[in-house]
Amino acid sequence: MGTKVNIIVGSHVWAEDPEIAWVDGEVVKINGEDAEIQATNGKKIIANLSKLYPKDMEAAPGGVDDMTKLSYLHEPGVLQNLATRYELNEIYTYTGNILIAVNPFQRLPHLYDLHMMQQYKGAPFGELSPHVFAVADVAYRAMINEGKSNSILVSGESGAGKTETTKMLMRYLAYLGGRAATEGRTVEQQVLESNPVLEAFGNAKTVRNNNSSRFGKFVEIQFDKQGRISGAAVRTYLLERSRVCQISDPERNYHCFYLLCAAPQEEVEKYKLGNPKTFHYLNQSNCYDLVGVSDAHEYLATRRAMDIVGISTQEQDAIFRVVAAILHIGNIEFAKGKEADSSVLKDDRSKFHLNTTAELLMCDPGALEDALCKRVMVTPEEVIKRSLDPYNATVSRDGLAKTIYSRLFDWLVDKINSSIGQDAKSKSLIGVLDIYGFESFKLNRISSEEDLGNPSNVRAPPPSSVVVPSPGAVQSPFLGQPEPAPVLLPSEADSAVGNKAIIVYTRRNRREIDKNTMDPSSSKVKLTPSSTQGLRRSLRIKKRMQGFKQATAASGSTDPPTIQTYIDLSRSASPCPPISLKSLVHTASNICGINMKNDALSSLLLSDDSDDGPDLMMVGVGDPSSSRPLDG
Ligand SMILES: Nc1ncnc2c1ncn2[C@@H]1O[C@H](COP(=O)(O)OP(=O)(O)OP(=O)(O)O)[C@@H](O)[C@H]1O
């Protein structure tokens, strides 16, 4: 959408450029609706007048630390300001109460040292240079002054720096909260120490980031009446399950699979593993190694981190047995059976992997085979057992692998939480939500939406006697917890908002911000019908996911789950209830922040006073490596 300003010959403008996103220049001629622009890079451009944006010729040479000070708050203006500041090593910029961070891709220790923390402690928001500590400080002070919990949301595309930002926020909160020590280790240390375990099982190499978190994380820092840290908890959600079975070049599956293949020889033999190239779940991509990373070394480091978070050696063995079993499951192949639409194990190799899987999962191989090749449908009248053709048996196999893996991940998170120590009686908490945001892909490969949104896709039939080892009780980390902000999956990339924006705001001043920023004349990004649909879809997915998680927990968490349990769970998610417009509006406001322009939605937002939930701040982070426009 262009800006309605009078563009005449001699105007300085921004025009879109296919390579560098935006190029500035001077209008030299106007022919009807088209303008001819002499760009500063020497090019001559013809562009429609409605696609031109005015350039502020009096902009401060070093940019402005708050984008509301810009004469024109439009996409090229915002990007230009961020780029100017980035050149000067200023990676943080406000937009009102919103903080935008641009990934520096280099260590800037002076930005995060103790001296810096002392500076920001208690300083009024906006008095000092924009900084992530200022956001944490506001959240903490609001919590103390109002006695209410608060949350900070960190969002941005993969590799933008969300995890790093989350760590900085936690460090600063630990500094403010008095660094309460438990057994000599601070809560912050304990949360950080659990990172290698979570990363081994929840992170993978993607095209954008060698160590990309493939799950959302909500870290709760709990405080007592005096505002001192009294506990912490990590909640995770939306693990990208599809990655367990499906990867594309040059990405990798979850790190733990490669680590285990690089384990000491006796362990590799114990689990009947070998070269990662021999496993279907790993060899769909040609990428096996990470530059500068030794999987063998990381395996030992992960084992050590597990020791630290209190996972016993016996439990560690059970965990890696499940990891190995998943690799073997992936190598079970099917061929057509004698009967129509039936399947059998393809060859001796498949038999070997099925037997090994059964051995590792301590279950009956016959029951496992039956489970994969047949489907049981329970109707009110009868139980119908039907054979599956090779394609459906393969779907069934992959469904089982994904379900086992996600349950393992949930178990690990639960274990980490008991190790860190939660304070059930905490007075209030500050939550930091690290959630991947909007990513634009030519092809949205990730199928987690389908995976998670419709768990009934998992069609493994139930065997009767298969038992998967479970090192302990499994409980959904999601159940009974305050609902984190709604999630947009990468496939919602059609959203009309920039993936590099950072949004920070508190409930206290929300009205003010909303009123200021919903002025249509200052808004450039609209909530389009397609993005609205995207939001609705993502909310539906999340609701379904909750249903699934609740069903998981409700199944009874003390007994070791059988494969039947997994399968029942994967089918039991109740249909998604309709999403209220109010939730949608909240999501939209959270995501669109200052840019939202939709009268119906904005009036709803402004009239909304009923939400007593935690205050919300949002922080998004940007990626300087990309010169694409904000909406990709
Ligand atoms: N504030 C920062 N200072 C220095 N380096 C940073 C900072 N933020 C990010 N980085 C660099 O960028 C890399 C990617 O950041 P990070 O892993 O936090 O991204 P992410 O947004 O969490 O990605 P994903 O969603 O894929 O997990 C880090 O490994 C680090 O090298």
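Heads up, the Cβ atoms here are built off N, Cα and C, so glycines get one too.
Matching 444-470, 606-632 against TrEMBL, the residues noted as region 'Disordered' span 606-632.
With DSSP classes pooled into helix, strand and coil, the tally for the domain 'Myosin N-terminal SH3-like' (8-57) is 3 helix, 30 strand, 17 coil.
In the three-state DSSP reading, Gly156 (ATP binding site) counts as strand. Comparing Cβ neighbour counts within 10 Å across the binding-site residues Gly156, Gly161, the minimum falls on Gly161. With a 10 A radius on its CB, Ser158 (ATP binding site) counts 18 other CB atoms from all the protein chains. For the domain 'Myosin N-terminal SH3-like' (8-57), the model's average pLDDT works out to 93.
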